[in-house]
Number of protein chains: 6
Amino acid sequence: MEGLEIILTIFILATASSFAFASDPSPLQDFCVADPEGSAPNVCKGAALVTADDFSFSGLHIRKNTSNSVGSAVTPVNVAQIPGLHTLGISMVRVDYAPNGGLNPPHTHPRASEILVVIEGTLRVGFVTSNPDNRLITKVLYPGDVFVFPEGLIHFQYNIGNTHAVAFAGLNSQNPGVITVANAVFGSNPSISAGVLAKAFKLDGKLVGNLQSNF
Amino acid sequence: MEGLEIILTIFILATASSFAFASDPSPLQDFCVADPEGSAPNVCKGAALVTADDFSFSGLHIRKNTSNSVGSAVTPVNVAQIPGLHTLGISMVRVDYAPNGGLNPPHTHPRASEILVVIEGTLRVGFVTSNPDNRLITKVLYPGDVFVFPEGLIHFQYNIGNTHAVAFAGLNSQNPGVITVANAVFGSNPSISAGVLAKAFKLDGKLVGNLQSNF
Amino acid sequence: MEGLEIILTIFILATASSFAFASDPSPLQDFCVADPEGSAPNVCKGAALVTADDFSFSGLHIRKNTSNSVGSAVTPVNVAQIPGLHTLGISMVRVDYAPNGGLNPPHTHPRASEILVVIEGTLRVGFVTSNPDNRLITKVLYPGDVFVFPEGLIHFQYNIGNTHAVAFAGLNSQNPGVITVANAVFGSNPSISAGVLAKAFKLDGKLVGNLQSNF
Amino acid sequence: MEGLEIILTIFILATASSFAFASDPSPLQDFCVADPEGSAPNVCKGAALVTADDFSFSGLHIRKNTSNSVGSAVTPVNVAQIPGLHTLGISMVRVDYAPNGGLNPPHTHPRASEILVVIEGTLRVGFVTSNPDNRLITKVLYPGDVFVFPEGLIHFQYNIGNTHAVAFAGLNSQNPGVITVANAVFGSNPSISAGVLAKAFKLDGKLVGNLQSNF
Amino acid sequence: MEGLEIILTIFILATASSFAFASDPSPLQDFCVADPEGSAPNVCKGAALVTADDFSFSGLHIRKNTSNSVGSAVTPVNVAQIPGLHTLGISMVRVDYAPNGGLNPPHTHPRASEILVVIEGTLRVGFVTSNPDNRLITKVLYPGDVFVFPEGLIHFQYNIGNTHAVAFAGLNSQNPGVITVANAVFGSNPSISAGVLAKAFKLDGKLVGNLQSNF
Amino acid sequence: MEGLEIILTIFILATASSFAFASDPSPLQDFCVADPEGSAPNVCKGAALVTADDFSFSGLHIRKNTSNSVGSAVTPVNVAQIPGLHTLGISMVRVDYAPNGGLNPPHTHPRASEILVVIEGTLRVGFVTSNPDNRLITKVLYPGDVFVFPEGLIHFQYNIGNTHAVAFAGLNSQNPGVITVANAVFGSNPSISAGVLAKAFKLDGKLVGNLQSNF
C-alpha cells in the first residue's frame, strides 16, 4: 500500500472503528479513610478507628431548591462527603430540575464517565462528540430510563416536562470534577481577555463584556 | 533501627495507615460501541452509525418480583445492556428487596467498588474486611442514605423493614461481575469436593452434601 | 471530632491539598502497529513486517497557513498519523498562530494532559480550573518557555505579538481528542436547542440562533 | 437488527467472548522504600539511605508447621515484609500443605491475580467463575505444574497426596489481600446476623449459630 | 521561598523522597482465553469452551541444560505458554544457573517488576538505579532468600557457588519482555553503527567490530 | 487442535500480532502542586496558593554546550523542574547534539514512551526490540521529522550532519527516568564484578577493568 492509503486506513481504524479500554484499577488495600488528624492528607486512619460512618452519607432523598438562574441543583456524594471513598474510584450525584426548563447546563467531568437514571420527570439529555464532528447524541428520558455520558465530553440535562424532575448518577472517580462551560469561559476569575472570547465565540467585544459581567 | 522494628513499622504503615489510590484511567476515544456485525468483539461501530439508543436503557423504574429463595432481585445495567458503556468503566444496578427479610446475599464484585443509595425501605448493610481482621462494618440505612462497598470485599443488604425496599448503585466497571458466596461455594458446577468444604466450613461431610443439593 | 468538622476537614484535604497520581501504565508488548489489512482494528502487523516508517512522520517544520477565522492551525501527530503510536500513550502537535491575535481557542483534551514549548513568538496562555473556583491560571510565554495544561481543563493560547508564533506540545495519549468549546456548544450537529444555550449562557434566544448559524 | 437481537449479541460478546486487558502500570520512580521515620507513610527513604536489605527477605525455604484446623500454612512476602515492594505491583507467597488433606481453603484475593507452581506433592486446585455459571475449573497438579487463579475469583488448593506439599505463587499487587470465605462469612467480628446467613446458605438458624461459634 | 529554593526543594522531593504508586488494574471479565480459531487475536474463547488446561503448564520441575555461553537457562511461563494469562497481568519464570559462574546476564524487563526466590544454590544478584546515580544494589542470596528487581532497571543473577542453582520469579505482566543488554547493543539485527557504540562504550572501533561479530 | 499447535498459535498471537493498550489514566484532581513546606512530599499546595509559575519553565530556546565525551546535552523538563507536572503523566526534554557525531548514547526510559521531533540538523535514530529478535528499527531524520521510541526499549540519536542538531521530545511520565546503558553497566557505583561483565559482553576481564575505569 502507498503512504496515503495507509494514512487513510489508519485514520479510519482510529476513528470509525476503535480499540481501547478503560481498565478498572484496584486500590492497594481494602480502603483508606483519610485521617483528619494525620500529618499529611494521605495518611489513613488506623483500621481499628474506621467506622461505618466513614462509608456513609444521608440526605439524598431530600428534594433540593432549584430557585436559581438555571433551575437545577446538584447534590454531590464524593470523597469530600464520604471519606471512605478515597482510593475507591467511584462517586454519586443527585440532580433536581425545576419544572419547565430546569437545566443542568452544558458541562464536562474531566476525570469521569457518568451513568444516569431518571427517577421523576422528563429530561432531554445529550452529549457532544469531540472535533471535528461535534455530533450531538440526544434522547428524551422518562422515569426508569438510563443514559451514559462518556468521560470528558460536554453534556447537559434539560427538564422538558411540567413537573419537578430528579435523577441519580454514578461517576467512576472519587472526585470527578465539574466544569460548567459557560461559567468557566465567561465567568473565570480573573476574566479571560475579551479579545480571546470574541474571536472564539464570534461575538463582538462589547457583548462579551456584558456576558462576563453576568457571570 | 533494628530489623524487627523496621518490619514492625512497615507492617503498621502497610495496614493501620495506608497509601494507595485507584487511578481513574481514560478510554482512548470518545466511546467504542461494539459492532454486533463486526468480525471481532472489539470492533466498534463506525461513529456515524452510533445512535442515542446505544447509550440508553429503559425500565429501571419497574418494581421487580422478589418471590425467590432470598427475596431479592437485581437488575443490572452494564455493558451487556448498554453497548455504549464499553471502555467507559462504569455501570449501575437496581436492587429490589421483599419486605421482612429480603436479602441480597453475601457476595463480591471482583472488579468494582460500589456506591449505593436507598430509595425506599430500611436496609441493614455491611461489608467484611479481609484477613486477618474480618471486621464487619455495618449500618442501617433509610431512604436517601448512601453507603460504599470497597472493591472485592464480601458485602450484603438485608431488608429489616416491613415494606418493599429499593436501592440503586453505581459500580466502577463496565462489567463488575458478581460472586454470590454461598452459590459459588456450595453450588458450583461441578461441585467442589465435600472434603474441601467440610474442612473449610467446619461442617460434617453429610451436611455439606445436603447443602450442595440445595443449590 | 464532630461530624461537621470531619466533613470540613475532609473537604479541605480533598481540595486545598490533594493526593492523587497519574500512573504511567505500560503496554503489553514492545509495540503494536495496527495492520491495515487485519480482520479487526486491533490486529497488529507481524513484527517482521514492521518498518521504521511505522514510527515516523514528516513535515512538522512547515509553517502552516493560519488564514482562518481564529488565526491558528493545529498539526496533530497522533495514532492517526503514526500507526506505531498505538498502545504507547503519547502524541504531539505543532500549532501555528497568526501575528496580532492568532488564537488556539478555548478547548479541552478529554483524554490527556499537555506540555507546550514556544518556538517562536509571544503567547498569552491560560487554563481555567474546575468548579466552583473557575480560576484562570495565565502567563505570557516567550521562545523557550514551557507551560502545562492539566487533563480535561479548558485552555487556550493567544498570539499577543506582532509576528507569527509557533509552539510544539506533547500529550499523554495516543488519541487525546480535542473539544473546541464554542464549536461544540454552538456548532454541534444537530444543534443543541436554543433554550438550553440561552439559559446556560444568559443570552437571548435570538442571539443564540445567530451564533449557531455562524458555526 | 432488532433490539432483542442486539441485546443478545452484545450479551454474547460480553460473556462468551471477551475483550479486556490488565494493563501493567509503572511506578513514578525507580522505587519508593517507605521511610520508617518519615512524617507520613508515603514518605520514601532518601535514595542514598536505601540498602539491598530493603529489597530482600529470608526464610522461604523453611517448611512451615501445618498443625492447624485446615492443615496448611501461608507465608506471605509482600510490602509488609519487603518495604522495597512499595509501588512495584508484585508479591509472593509460599504455601505448605499437610499430607492427606492439607487445605488452603476457598478464598479470594481482592486485588490480584495469582500464578502458582507446585514444588512438592500433589494438589487438587480450582477456581469458581462468577455468576451465573459458577463453573468450577479444576485440575490435579504435580511438581513443576503451574496454575493460574484470576483476580477476585474464589479458589483453593487441596493436598490429595500422602506427603507434605509445597507451592510458591506470584501475585500482581504489593498487597493482594486475602479473604478466606468461611472465616469472613461465619467468623466476622462482630457476627453477621444469623438470619442473613441462614437465608443465604439455606441453613437453619441454630446451625448458623453453631458454625459462628466455631470460627 | 525564592525560586531557586523552591526548585531545589522540589528536586529533593522528587528524587530523595518519592511518592508514586503502581496501581493494580483489574481485567474486564473473569478471564479471556485467546481463541486460537478466532478471527482476531483478542477474540476470546467462549466461556463454555474454556478448560483447566487453558490455565496450566507443566515442566517447571525439570532441571534445564545450561551448556551455553553464559551458563544459564530461562524457562518462561507467560501468556505464550498459558493462554489463560491473557488480561491477568502476571507471569512466572524458572532460571537455572550452571555451577561456578552461571550468569543470567544484565537485562531489563521493559514492562514488569520481578520478585525472585532462590530454590537451590548461591546467587549474587543486583540491579542498577537510573541516572545519574547508577547505584548498584547487590546482595548474595541463599536458598529461601527473596529479592526484588524494580520495573525497567538493569539487573542480573550470578551463580557464585559450586553447585547448580535454581530460582523462580513472578513478574507483573502477562508478557514482561526481556532485553539482554549486551545482545541488544552489540548483537542487534542489523547492527548499530560501530561509531555509535565506540563513542558510547569508550571502545575503539575495531574492538566494537569484534564484539559485534561475537553476538 | 493438538497441544503443540495451540501453543504455537498462541505464541504467534502473542508475538507476531498483538493486542494490548496503554490506557491513559487521569489524576484525582485538577492538579497537585507539591507544597515545598508540606509535612510530606505528596502534600499539595492549597489551590489558592498555586500560581502560573508552578506550571512553567524557561530556557528551552538556549543552545546547550555539547563539549563532553559523547557530544550531546539533555535538558529535562519534568516534575523536578515544573512542580505542577506532579500527577499529570507528561514531561519534555530538549536535546542538543554536537556536529559530526554528537551522540545521545543508547539508553532506556524505564517509565515512558517518547515522541521526538527534529528542529535542526540530521539525526540517525533507532531503537532495538526485545529478545529474541533484537531488531534495530532505524531511520535518518531531518528537520520536521518525528519518531517514536516505545517504552523501555534501548534507543539512541546520532548527529550524522556537520551542523549542530536540536530535538524536542515528549514523554508520558512526570518522571520517565533515564538509564544510559554503558554507564549503568560499566560505570555503576559500586562496580558490577568484572566476571559478570566479561561473560555478558564476551570481553576479557582486563578489558572490562579498563572500561570500568573509564566511566
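Quick reminder: no glycine exception, Cβ is built from N, Cα and C everywhere.
Automated prediction, rather than curation, is the source of TrEMBL annotations.
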Listed co-binder of Mn(2+) (same site as E:HIS107, E:HIS109, E:GLU114, source TrEMBL) among E:HIS86, E:HIS155: E:HIS155
For E:GLU114 (oxalate binding site), the three-state class that DSSP assigns: strand
Other same-chain residues whose Cβ falls within 8 Å of the Cβ centroid of E:HIS107, E:HIS109, E:GLU114, E:HIS155, the recorded Mn(2+) site, in sequence order: E:THR108, E:ALA112, E:PHE127, E:PHE149, E:LEU153, E:ILE154, E:PRO176, E:VAL178
Residues from the binding-site residues E:ASN104, E:HIS107, E:HIS109, E:HIS155 that lie close to chain D, Cβ under 8 Å, in sequence order: none
Non-site residues, in chain order, whose CB comes within 8 A of the mean position of the CB atoms of E:ASN104, E:HIS109, E:GLU114 at oxalate: E:VAL93, E:HIS107, E:THR108, E:ALA112, E:LEU116, E:PHE149, E:HIS155, E:ALA169, E:LEU171, E:PRO176, E:VAL178
For E:GLU114 (oxalate binding site), the number of other Cβ atoms found within 10 Å of its own Cβ: 24
E:CYS44 (disulfide bond) and E:GLU114 (oxalate binding site), Cα-Cα, nearest whole angstrom: 28
Proximal but sequence-remote residues of the same chain as E:HIS155 (Mn(2+) binding site) (Cβ under 8 Å, at least 6 apart): E:PRO106, E:HIS107, E:THR108, E:GLU114, E:VAL125, E:GLY126, E:PHE127, E:VAL128, E:PHE149
E:HIS109 (oxalate binding site) to E:CYS32 (disulfide bond) - Cα separation in whole Å: 24
All-chain count of other Cβ atoms within 10 Å of E:HIS109 (oxalate binding site): 28
Rounded Cα separation (Å) that holds between E:CYS44 (disulfide bond) and E:ASN104 (oxalate binding site): 35
Integer average pLDDT (0 to 100) for the domain 'Cupin type-1' (E:58-209): 97
